[in-house]
Amino acid sequence: MFGKRSGGKDTAPKAGKGATGAPPGTGGDAPSGSSGTGWTVRPTALSTETADPLLAALLALCRLHGRPRSGVSLTAGLPLEDNRLTPDLFPVAAARARLSARLVRRSFSAIPNHLFPVVLLLKGRTTYVVLREVKRDQFEVLLPETQSGTEIVSRRQIEERYEGYAILARPEISYRGQMDERREEPHGHWFWSTLRKMAPVYSYVILAAIMVNVFALAGPLFTMNVYDRVVPNQALETLWVLASGIIIVYVFDFALKLLRAYLIDHTGKRADVVMSSIIFGHAMNVRMGARPASSGAFANKLKEFEAVRDFFTSATVVALVDIPFIFLFIAVIYLLAGPAAYVPLIAVPVVIIGGLLLQAPLRQAVRKNVEGNAHKHGVLVEAISALDTIKSLGAEGRMQRDWDAFSGESASLGARVKFLTGIGVHYAALIQQVVTVCVVIVGVYLISNNELTMGGLIASTILTGRVMAPLGQVAGLVSRLHHAASARKSIDEIMALPVDRPRGKQFLSRPAAAGRIELQNVTFTYPGSQTPALRNVSFAVDPGQRFVIMGPVGSGKSTIARLLTRLYDPTEGSVQIDGADIQQIDPADIRRTAGVILQDIVLFTGTVRENIAMGAPEADDAMIVRAAELSGAHEFISRHPMGYDMPVGERGSFLSGGQRQAVALARALLPDPPILVLDEPTSMMDMAAEEAFVKRLGSSLKDKALIIITHRPSLLSLADRLLLLRRGEVVADGPVKDVLPALMRAGGGAGAGGLGGIAAAGRPGGRAVKGRIDASRKGAGQGQPAPRQGSGPPPPGPVAPADPAASTRALPGRRGRPEDGESAGHDDSAAGGQRSPFEALDRVLSPELEPLDSRNDASEGTDAARDSAGTGKRVPDGRKR
């Protein structure tokens, strides 16, 4: 059947002889997608949909209904089995294309023609999409695996292969100019819609509860008849008849209680699975800009779902169902003892009024307790996730103090909730005892007046206990109700957060992209911040272009990486891929198009292979090894006895920082995307590993658009274009061979004074370096350096070489070390104070330039002013450490 796993064996690579860790037959050297025939195929060009018959059928339905989508956008975030869509997930995936689908069990002859096209599940885990009946018992069917083409098959051929399950799908209808607000949530309201689906089962629970409460009358009536008829008359035969009847009733009562408990538990389990899946899926889909600041508090809010689940999957439901039957028992007491029924009837509102008086303080206490638990959970998550940092700082005491404070507050609030609940429980118990006494007193007077028998009094007393028992649980019921309501409200707040794929949003289908990126006048401010991280940033990267972004700390470099993957949307301006605004493209297609490594490396518990293939589960072993070789991870993986099965630990704790970075790089490179965005890809690597990475990546880029965000000038050897940022604004943008000479001229002259032009570029109206780049392009043909804009005559000493290539020979080398054949004019000692491009670049990237706006131009350009800052010792290149 379709819903089951295939049971195929895992062909995962294991460390073999020689401990290479590479899969057998790959040798670790086969290029990605290559075979023995010499063909080379990009992995992203391989059709994964054809390996998944249900996904292929869904894509066919999307095309037939005029709503084309990519397979990635339909299945992103779904819990696929063996990387395949299952029948129960088909309606969820179809809803993303605004198709309403449902799975039915029906014979093929019972499916009317007006429901075509319909997906049939066939033997052998394949599908047909039946389009129409062309003539009697002849049907036109589409083979989804071929992505096109139809054939005519007979009814007999279809029925021979048909499994008996079909999927019916129709486009969702919306009225022009408006949309039903309920469609904002794909599953309806996460709570009420799930309960509505469970309503038929709860109807059986109510029916069982009615029978159980009716059977509860048998015990008191049996006791009354024994005392009134059997004992006075010594009617032993009647006794056995009554006893046999009551035993039969109790057996049925036992069976019905078991059935009721099973229905409640089974329904609760189903509701738990459905609601938790909806909540978790929404939490994963929440936009980064709307995510709560505290991960611990966010997790605790999700954890509060347990309170909602327990309220509807425990004895609470039984107590709720039993409450209406107290009036049945009061009516029976009235039939047996007449006026004695008034006692429990008066007690009912007395108990309810007491519970209502407790509601306000109990509601407030429960709300504060939930908030206190959220704070405590936040401290716990933060402490556990950063335990190594806490230990290294010796900050255990501070975290212990925070934990004790929040734990004490939470315990106090919890104790108050229990105290108020206890008041209600004990109050109800007191009323129950008083009612029992009053019923006995009234019954004695009725017996003395010959209006009641002894058996009737005993039966009335037992029934009074049945009346008061559910009322005794009212206080606890109210407490749990408030907790569940508070938890539901917290989850409602999460479910109201904006998501990446809002319901009703029509995204463009872009399963494949050429790879052109363009930012147009982008300004972005992080939520809760007053200062823009980016200001009016514009640039474009073409396919095959290698682009490096540099700038000081806090200049907005990493923000660009987050915008390119649509983790955030720009406040102003637009980010485009292949001419389309990324807000119009499905986020799954964007993230499939761009391979990204963010600055903060996060690995997940599991093996190296699982972490590398996390974003591309269809990848084979050769692709995994190839990506690991490119990133440099294969070297240390091959030395491990377990090879690619080596565990990485929680968040990669078993690996060093450089190894975690190498695995993350392999993860980004695995799908072979047309766009690569690497944020500080070598920040944790040593010099040798970095040089090897530069060499490997440079030889494998081909026609990719590459964006590298880095502080390391050595990565400039990969680039043909350089963008400098400062305080979120573009300082310089142009070919490396033009930007570096301009930086060198800006950094030359009297110490740091030449950097005033670069610093000015970070202020409104400043584009000094850009101007020098343009001037250098004009002057290069005359063999003269470009004039300095907005400044006096050039400073004494050697000028920058006219040949731009001479200015960039140091690119592959290390900072402060001229490579072989480098011009002597690039060395301070030989150039009479002329700065090398890297030294000028270092000065631009130095955080010391951040407070330049608060200094006057004269103080920026003098060594005396630098000394007056008094923040550290001077070093030979004029920087302070």
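Each Cβ is built from the backbone N, Cα and C atoms, and glycine gets one as well.
Look at TrEMBL and you will find 13-23 tagged as compositional bias 'Low complexity'.
Taken from TrEMBL, the feature compositional bias 'Pro residues' applies to 792-801.
Residues or ranges marked as domain 'Peptidase C39' in TrEMBL: 47-169. Residue counts for the domain 'Peptidase C39' (47-169) under DSSP (helix as H, G, I; strand as E, B; rest coil) come to 42 helix, 42 strand, 39 coil.
Residues or ranges marked as domain 'ABC transmembrane type-1' in TrEMBL: 205-483.
Sequence annotations record features per position, and here TrEMBL assigns domain 'ABC transporter' to 517-752. For the domain 'ABC transporter' (517-752), the mean pLDDT of the prediction comes to 82.
Marked as region 'Disordered' by TrEMBL: 1-42 (among others).
Residues annotated as region 'Disordered' in TrEMBL: 760-881 (among others).
Summarising the annotation, TrEMBL assigns transmembrane segment to 201-227 (among others).
The feature transmembrane segment is assigned by TrEMBL to 239-259 (among others).
The transmembrane segment annotation in TrEMBL covers 311-335 (among others). Counting residues 6+ beyond its ends, the transmembrane segment (311-335) has Cβ neighbours under 8 Å at 195, 205-206, 209-210, 213, 216-217, 220, 260, 264-265, 267-269, 271-272, 341, 344-345, 348, 460, 463-464, 466-467, 469-471, 473, 477, 480-481, 483-484 in the same chain.
The transmembrane segment feature in TrEMBL is assigned to 341-358 (among others).
According to TrEMBL, the feature transmembrane segment maps to 425-447 (among others).
If you look at the transmembrane segment (341-358), the same-chain residues 6 or more away from its ends with a CB under 8 A from one of its CBs are 326, 329-331, 333-334, 420, 423-424, 427-428, 431-432, 434-435, 438-439, 442, 460, 464, 467-468, 471-472, 474-475, 478. Only residues 6 or more beyond the boundaries of the transmembrane segment (201-227), in the same chain, are considered here, and those with a CB under 8 A from a CB of the stretch are 195, 238-239, 242-243, 245-246, 249-250, 252-253, 256-257, 259-260, 263-264, 266-267, 317-318, 321-322, 325, 328-329, 332, 336, 453-456, 458-460, 462-463, 466.
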